[in-house]
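Working notes for the structure below.
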Amino acid sequence: MMDRPKDGPLALLLLLLGHMISALEVPLDLPQPPTITHQSPKDYIVDPRENIVIHCEAKGKPHPSFSWTRNGMHFDIDKDPKVLMRPGSGTLVMDISGGERSEAYEGIYQCSAHNELGTAVSNSIVIRQSRSPLWSKERISPIIAQKGQSLILHCRPPAGLPPPIIFWMDNNFQRLPQSRRVSQALNGDLYFSNVQPEDSRSDYICYARFPHTQTIQQKQPISVRVLDMDSLNDTLADYLNDTDLFSDKPAEERAPVFMVPSESVSSKMVLRGEVLEMECVADGLPTPAVSWVKRNGEIPSGRASFLNFNKTLRIMDVSEADAGEYRCFAKNRHGSVHHSIRVTVNAAPYWISAPRNLVLAPKEMGIITCRAAGHPKPSIRWLVNGLPIEDAPKDPSRRVEEDTLIFSEVQTGSSAVYQCNASNLYGYLLSNAFVNILAEPPRVLTLPNIIYQVIRNKPALLECVVFGSPVPTITWFKDSRSSMLEGNAYVFHENGALEIHMSQPSNSGKYTCVARNNLGISENHVYLEVKEPTRILRPPEYQVVQRNRDVVFECKAKHDPSLVPTMTWLKDDRELPDDERFRVDSDRLTITDVTESDAGTYTCIMNTTLDQDSASAQLTVVEAPPTPTVIYEQPGVPTDLELTDPGARSVQLTWTPGDEHNSPIKKFLIQYEDALHQSGVWHNLTEVPGTKTTAHLKLSPYVHYSFRVLALNDVGFSHPSMPSRQFRTSPAAPDENPTEVKGHGTEHNNLVITWKPLTPLQANGPGLQYKVMWRQLDMEKDWTSVSVANVSKFVVSGTPTFVPYEVMVQALNDYGPGPKPSAVIGYSGEDFPSAAPGNVRILVLNSTLAEVHWSPVSLESVRGRLQGYKVHYSRERSLHRHNSHQGKQRTEIFSPNKTSGMLPDLLPYSVYSLRVTAFNGRGEGPSSVPQRFETPEGVPGTPSFFKVSAIDLDSLTLEWGPPHERNGRLSGYTFKYQTVNSKNDLGLLEELDLPSNQSSFTLHNLSHSTRYKFYISARTQRGSGPTLTEEAVTILDRAPSVTPAFGNVSSSLSEDGALISWDYWGPEKHLYVEYIIDNSEEDWHREKVNGSQVHVLKGLKRGLVYKVRVVARGHQSEELLVKVPAMVSPQVDIATQGWFIGLMSAIALLILILLIICFIKRNKGGKYPVKEKEDAHGDPEIQPMKEDDLTFGEYSDEDHKPLKGSRTPSSGTVKRDGSDDSLVDSGDTQFNEDGSFIGQYSGRSDRDATHDSSEPPSPVNAMNSIV
């Protein structure tokens, strides 16, 4: 048998065995452990002017009670009248309106929500007061700088919490102008790459704004005067006594030098998800330009931005890919310089798979996974009900496998809340997930009799949200319960919803969803109505109306008669003007007294509650005629079409326009017909303004053109003109090549080249062919080509297997080739892989699940594109000799990047063979060396039969057969029976344990004329299998009959074997002698007796003890022990002596009793003399505590009193969980920021007090101790 795995994949495998109800919410009327629903952020900076509110909200059934710790110690809110807990909530409110200082409440707080099913804990919430200290007073001397020199004005703001926002302004509160030459750095200092005379001013003021308090502090103004050499001698004497001069030489132009950073190479660490900011500020004259690059990579364009005139590079939402070396370059006409910044990206823990709540029924199994990533890799620690899991009471149904909790055979009452803590140097994650053990029949949470309406041919989604434990199975029925819905027309979602892809009227009706589990059944009815779609039958038409006239747009639509329609009109996709001239009726829009502003596009929209349809029409407003006789009409038909100036691919068309009919012609539309390729079809060719009557037409080769012209005015298009004479263009070589060129293989030695052929119009001439060209990529210099016609593919044979080719297809006709085509890359055909995966290993996880690992095949052996791996496995035989039939071969397929996979649905206690292959587009390669593995025992199947073989007045004999599927070594049978009265009421259930080798049993002293119900199930070490039942009735009271009986059963040993003799009084003629090795799990061996009352058992092994009995139909004798002696020896084996076996059994029993007493004593705990410690050290709440002390302090449970400093729940009672030193009753426990226990109950020993400081713990020390 293979070893169990110890790593993460086990959790994925168990998803197939245990079930997690992660998507379901437990209804609030059912018992459930607490769940934290709202809490304050981990780092909580408070405004000192406002009350402090620390949120902690939770739900549960019963509703949870709340308690808090502060700096790891119980926080007794009753001792501080300024601290209140909101009713029904764990939210704390610290009232500082009376002048209290909020610093007094700084510290690390953690909330616990508990009910009788478990305890959930919040994050550790660090409370810190916002600080906005004043600027230290200083005298700033005026600064004199020469023109062209660099300059730094330091801000150096006071350290605030959070850090202040820095900006520079003048006395008038106007921001100082910044540029590529003058800019503010990330630290708030103001940098001048070179100063100019316009920089002279006396009010450079640095301001610091503190966000939480919304206060602004300002630095003393800084005076700067910039001198050039012409005025330096005039002003030197005035400033020499009280200022500093930077230089006595004029500044000259110079190459760039970095002011920030000062060194040539720097490094920067940033956390994943944060903002990375890098800056480079350069000194130089002229002002240098700064640019950025990343070595061996690209700066992410979507997340990166260049700020501060390119001096700052900011990258948002940093990822591991952003690590590397960045270089900033500063350049002017005198040279350039660069600086390298090496960026490393670490990561605080972040969830890959956060723990989820788990609801299980008794005897079920499931898992909770906690997967987090980070850099460095986070460590995972588990807690249960706020305690480290290793310190919590042992639960045999729970097992910890690194980041996975595995639950099996869970019991009622083992509900709890588990906390997963993932932490590294940069932070932690804490998540609660409860395990709720419920046995609940299904209940449908979806409201009954919901009517779903959907439009024909649209999808329909019918919901059926259910809850139950075990998880119910859901089936759907339509109209009646006669047949279950199935087939491709339906999609059954995991959440129970039923989806119909294309709804049809036949889908209308009543639907029933039925939820079942082993505890019951529940159903719900919903209704589906499929409606006809809304369609506009008569859309509005294009209208031309004279100004001051009325216009009417009609819009007639049909809709489902059961839906209420609404007609909406829009003008130019906006609401109609708020004008009484616009009148909307049921199916029309009327506009009276039309003006020029009414022209536009009008859209009618027919809406129902389910769908809509729309149509649009244009309104053109024209001037009213000067006299009633003027009529506006469409233009007259153009005439006199004439073709002139013919060219190879052009011709000039002229025509005579028709009558304008009082509306000027806006444009002419020219259309053509191709009589050679598409006779009778007219296509738009071009448009020309209405002022022109000539058009120069660009044409295509090998087309038989005819042209016609249409005129357009404000009223509409004219009728088309008569066609022109036919104009034929000469053939020419193709202007384009085929598109969609591809290359792929269908055999291991071919390449199939395909393309989309040209249309006849694209051919440009007769004799269209395709020149197909190919060559092996990077291997062949010359192209191989072939010309084909009337096809769209070509097969190249004899190619190497799966190699890249360059492929081109060029069009050519009788007049020459088309343009040079561009090459595309294709691959020749694949062959079967030549190698098998190696290093195949199997990890057996449980009786029905195994994991297989393998080494990937080399790329060279794939001989194609690797599509994945196939694992073929089959059951060879059972490990039990009574069941050895083989199973069908099964195959699991895995993606090419996988090197391991799961084998589900295995049969227990069996031998399996397995082989692994790689496969590509061609097929599978050779198999790996076959591997064999064995699955462990499982629960057995039902006994093969169960019947009543003999019925008497006061006894019944039952027989059964062993299960066909033993799934392991049978350890026995569980036999139960009870009476059944005339009303089918069941009596008291009796239970017996029978050995595995017994196949019949007689019940004596039964009541006559009584019905009995019998149950039997087989057992292995893994548990009991399914139960078979049988019923029988004892016979009526009658005169006693002669009952078969055995007597005087004895044995003697001879050279031939063991001689068994007996007396028998009874009617049965067929008797048997059965024997078995004592304490063996084998079946009884049976030998038939030939009519006598003696029988010799031959072939018994020496040195063994046998149990022997004589049996007849319905009766058996008492069992007789027969010891077959070993070879004669003068020595006596003390281990086989009865007195020695009895003595050893008594000693083992005594040791077991002592161990049980010690275990009980340890669970109750010793005495913890709190009183002496309080007398010696005062109040234990103010005693210091070693940070690395992880042991409990002493405590006395003599009076069952709560500890000093513990807080009684709001109900006024102290609830006990059966352990007097439970952490639930203790208020002085201390927790880390991540929720882990680090303290002790209260007090400390004298030895601890000797080595530790006597100062009380402070919030600052508490924050510094956070891991």
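Each Cβ is built from the backbone N, Cα and C atoms, and glycine gets one as well.
As annotated by TrEMBL, signal peptide applies to 1-23.
Positions annotated as domain 'Ig-like' by TrEMBL: 34-122 (among others). Confidence in the domain 'Ig-like' (34-122), given as mean pLDDT, stands at 91.
Each residue in the domain 'Ig-like' (133-223) gets a DSSP state, and the totals come to 3 helix, 36 strand, 52 coil. Taken from TrEMBL, the feature domain 'Ig-like' covers 133-223 (among others).
What TrEMBL records for 256-344 (among others) is domain 'Ig-like'.
The domain 'Ig-like' annotation in TrEMBL covers 349-436 (among others). For the domain 'Ig-like' (349-436), the number of residues in each DSSP class (helix H, G, I; strand E, B; coil) is 0 helix, 52 strand, 36 coil.
The feature domain 'Ig-like' is assigned by TrEMBL to 442-529 (among others). DSSP states for the domain 'Ig-like' (442-529), grouped as helix (H, G, I), strand (E, B) and coil, give 3 helix, 48 strand, 37 coil.
The domain 'Ig-like' annotation in TrEMBL covers 533-620 (among others). According to DSSP, the secondary structure content of the domain 'Ig-like' (533-620) in residues is 3 helix, 47 strand, 38 coil.
Annotation comment: TrEMBL describes 637-732 (among others) as domain 'Fibronectin type-III'.
Annotated region 'Disordered' per TrEMBL: 722-745 (among others), in sequence order. Sequence-distant contacts of the region 'Disordered' (722-745) (same chain, six or more residues past either end, CB-CB distance under 8 Å): 639, 641-643, 646, 648-649, 651, 653, 673, 675-676, 699-708, 751-758, 762-766, 768, 770, 774, 792, 799, 802, 805, 807-819, 821, 824-830.
Counting residue by residue with DSSP, the domain 'Fibronectin type-III' (734-831) contains 4 helix, 47 strand, 47 coil. The domain 'Fibronectin type-III' annotation in TrEMBL covers 734-831 (among others).
Annotation source TrEMBL lists domain 'Fibronectin type-III' at 836-938 (among others).
Annotation comment: TrEMBL describes 877-897 (among others) as region 'Disordered'.
Residues annotated as compositional bias 'Basic residues' in TrEMBL: 878-888.
Feature annotation from TrEMBL assigns domain 'Fibronectin type-III' to 942-1038 (among others).
Annotation comment: TrEMBL describes 1139-1160 as transmembrane segment. If you look at the transmembrane segment (1139-1160), there are no same-chain residues 6 or more away from its ends with a CB under 8 A from one of its CBs.
Residues or ranges marked as compositional bias 'Basic and acidic residues' in TrEMBL: 1169-1189 (among others).
Counted over residue pairs separated by six or more positions, the domain 'Ig-like' (256-344) shares at least 3 Cβ pairs under 8 angstroms with the domain 'Ig-like' (133-223), which defines the two as touching. Here the domain 'Ig-like' (34-122) sits against the domain 'Ig-like' (349-436); at least 3 CB pairs are under 8 Å, leaving out pairs fewer than 6 apart in sequence. Broken down with DSSP, the domain 'Ig-like' (34-122) shows 7 helix, 46 strand, 36 coil. The stretch in 133-223, 349-436, 836-938 that contributes the largest number of Cβ pairs under 8 Å to the domain 'Ig-like' (442-529) is 349-436.
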